[in-house]
Amino acid sequence: MTTTTRPPVQAPPDRPDQPVRRKGIASRTPRGFYWMVLPAFALFFLLHTVPVLQGVFFSFTDSPGYGPWKFVGLSNYAALFTDSRVLHSYLFTFQFALVSTVLVNIIALAVAVALNARIRFKSTLRGVYFIPYVLSILVVGYVFQYLFTFSIPAIAQAVGNAKFSTSILSDEGLAWIAIVVLAVWQAAAFNIVLYLAGLQTVPAELYEAASLDGATAWKKFSHITFPMIWGFFVINMVLSLKGFLQVFDHVVAMTGGGPGTATESVGLVIYKGGFQGGEFGYQLANAVVFMIVIIVFALVQFRVLQREDVNA
Amino acid sequence: MSAPSIAAPVADRSEQAFGAGEPDAPAPRRRRMRTPDPEDTGHHNWWLTGLMIFLSLSILVPMYLVVVTALKTPDQLTGAGFSLPSPARWQNFADAWTLTSFPRSALNSALITVGAVTLTLLTNSMVAYAIARNMHKKLFKGLFFYFIAALFVPFPILMLTVAKLTAQLHLDNQLGLILLYVVFGLSFNIFVFVAYIRSIPRELEEAAIIDGANTWTVFWKVIFPLLRPMNATVGIITCVWAWNDFMLPLVILSDPGDATLPLQQYIFQSTFNTNYTLAFASYLLAMIPLLVVYVVAQRWVISGVTRGAIK
């Protein structure tokens, strides 16, 4: 009986543009919402998902990037594990990314704590430390390349230091350190701001209480500050590592992968082999492995760091 | 001082972002209620101040090197290169201006950056609104995680194929780059926008709906204006990304005339790699636009990025 008196609910609208919202917004999704997400979804699918799927697909082929191709099963993947250039690029990338991640986070956290302390010229100093964020890595890389090629050897010669009187960029064993310096210099800026944001969330009362108890600065940091910003630390570690594993611009600017292939990162090998070396299918297999590695790294990091959190 | 200017945007909704932290976001202002803190009134740590000024040289010295090298003649390039140029050769800038076709590449970069920022703000916030208000529905929730998951897909896996795709679609130009920045930015932007929109009370929208506004009107008239702080954050991050990015222009653009500033630097470097004074003049030219923007809007830039970090 009673239901017949409420026609608007059951009758679908004849005209789609006419919004039916008698029963409040929770009852059905206004059509507008679908139109808001549809173009974005379509474009994202076309420009992101399709290329990823294509990449996975062609990783099982011998395609050079043009012309005919055929399926080769897993042989691209098998070949990767015996390709010394690829294996070395992974070693370099891991070494670079791990060292850079640790250094960036230590330095950025230390600078952020100092910038958050009672110092003079606070906003000016913050402004200065944040400058690298707005600079192009490639352009800064060229500047650092000059620094490492000419300035540092010149200084080393002047003070009579033999070790650094030649450019470390031309030393197979040391060139990676220069790239770490550039990466840390550039990335610290952003991480400093993230840590500053974290430090703002620590209540001042805790420090006051600690001061009354006579805690030292280090005690305050290790017992109050660090545990309180643990969440920021986890996020920064994960994002830094993920970013550094994909290192590309730094290497292009500083060494181009040299000397020889000593500083080729995975991204650079994929780029060089895929675009210039006719290894489209093969480097796509490399890229698929690389994607898995990055995801595994992120998951492991979250796991480990979150477990630490429980213990702390 | 600058502390409150950063603390204020941070304090309002930091609690949703990091479940790992303490549940209650502290209000930094609470301190004001107490008797004036003796340490707030001018007891500065001068030792630490000196140290921080000294350490800031690590940022300033390379910048100084760029400026002095850009003003030298090649035969003044001796030793470590930190000496002042005498006399300064301003002609370097004029030469770099023409040799690296600075006006054209700067225009390309500006076009791409403005296009990417504008479209990103207009579209990504809208997508986030639709998702944020329908999170209880499987479809929208799925879409949310679909976009977010892409954060962990490294670019190299689509580098080769997206370059082929854009070439086939005739998008190997500035328009294609704009589109890619807007689309690839979705993952991160949706993340921050959704968190922000969910903190906006629905009552405002319901009032507008009762007045007969449809979803679109509600978004543009009610929600979009409220998103201003988050738009600033996303705008800054997108601007810095699109302006400085090297990898996407490198793999997407096919016509050298479309080159952006970083790509132009790369091309220049591989052709004139020994002409350092000229190269440094061109580096400085390439750095100046964003540096100027940064110096003028420093406060907003830092607090904007901070807001993004808190999300």
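Placement of Cβ uses the backbone N, Cα and C atoms for every residue, glycine included.
The domain 'ABC transmembrane type-1' annotation in TrEMBL covers B:106-297. If you look up TrEMBL, you'll see B:1-39 marked as region 'Disordered'. Residues or ranges marked as transmembrane segment by TrEMBL: B:46-67, B:110-131, B:143-163, B:175-197, B:218-243, B:276-297.
With respect to Cβ pairs under 8 Å, the transmembrane segment (B:110-131) is most closely packed against B:175-197, considering the stretches B:46-67, B:143-163, B:175-197, B:276-297. Tallying C-beta pairs under 8 angstroms between the transmembrane segment (B:143-163) and each of B:46-67, B:175-197, B:218-243, B:276-297 places B:175-197 first. Within its own chain, the transmembrane segment (B:276-297) is flanked in space by residues 66-67, 69-74, 76-77, 89, 92-93, 95-97, 99-100, 102, 106, 109-110, 239-240, 243-244, 261-262, 264-265, 268-269, which lie at least six positions past its ends and keep a Cβ under 8 Å from the stretch. Within its own chain, the transmembrane segment (B:175-197) is flanked in space by residues 13, 16-17, 112, 115-116, 119-120, 123-125, 127-129, 131-133, 135, 144, 147-151, 162, 166, 169, 223, 227, 229-230, 233-234, 237-238, 241-242, 245, 248-249, 252-253, 260, 308, 311, which lie at least six positions past its ends and keep a Cβ under 8 Å from the stretch.
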